[in-house]
């Protein structure tokens, strides 16, 4: 969560400087800066995810050196899951803070012809991003661990696609549907990389050992 916060701070600082140094009356330029800020923020988040992986790798080596049996008490898969959850929860928390700030006022969403589904769809988008960050953490760490750079590239591309789809709003179908399809794909992919199988899933659903 701390690493995600640092990436957000740096990307916000770059975007703030860019906006202040440009003409606020130039709407096409401001929209371009907004798109640049979102894309830059995504790339910076993934860069910090990689830095966090390197830090955890050093931590695991230290734990192995200190353990009596030469094995780490925590696997890289567990750390990947926890790192993804941390990124997702902090991302969701900031999304909810922005929503609550809009809900305070002074107006009411929908009263001047805006979509009345703003808060509902924003909640669904926040939820999908929390899950996606969790799955992306597993995929990203697996790619780093086994030097499968195409898996890392796939995570970055999916992150860019989901963030870019939000520019379709207020056509919320254009952002929610692709995001949930990508979430389902990432969930299956992460499940398989974690050692899951159809047989394991069937045993889980049937409560069998």
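We number each residue from 1, going along the chain as drawn.
Backbone N, Cα and C atoms are what each Cβ position is placed from, and that goes for glycine too.
Positions annotated as signal peptide by TrEMBL: 1-21.
Under the heading transmembrane segment, TrEMBL lists 31-52 (among others). Proximity of distant same-chain residues to the transmembrane segment (31-52), defined by a Cβ-Cβ separation under 8 Å and at least 6 residues beyond the stretch ends, is recorded for 3-4, 6-8, 10-12, 14-15, 18-19, 22, 83, 87, 136-137, 140, 144, 152, 155-156, 159-160, 163-164, 166-167.
The transmembrane segment annotation in TrEMBL covers 79-97 (among others).
Under the heading transmembrane segment, TrEMBL lists 117-140 (among others).
For 152-173 (among others), the entry in TrEMBL reads transmembrane segment. Beyond the ends of the transmembrane segment (152-173), by six or more residues, the same chain brings 35, 38-39, 41-43, 45-46, 50, 114-115, 117-118, 121, 125, 128-129, 132, 136, 139-140, 143-144, 179, 182, 186 to within a C-beta distance below 8 angstroms of the stretch.
Marked as transmembrane segment by TrEMBL: 179-198 (among others). Outside the transmembrane segment (179-198), and at least 6 residues removed from its termini, the chain residues within Cβ reach (under 8 Å) are 77, 81, 125, 128-129, 131-132, 134-136, 138-139, 142, 158, 161-162, 165.
Beyond its flanks by at least six residues, the transmembrane segment (79-97) meets 1, 3-5, 8, 45, 49, 52-53, 56, 60, 122, 125-127, 129-138, 140-142, 194 of its own chain at Cβ-Cβ distances under 8 Å.
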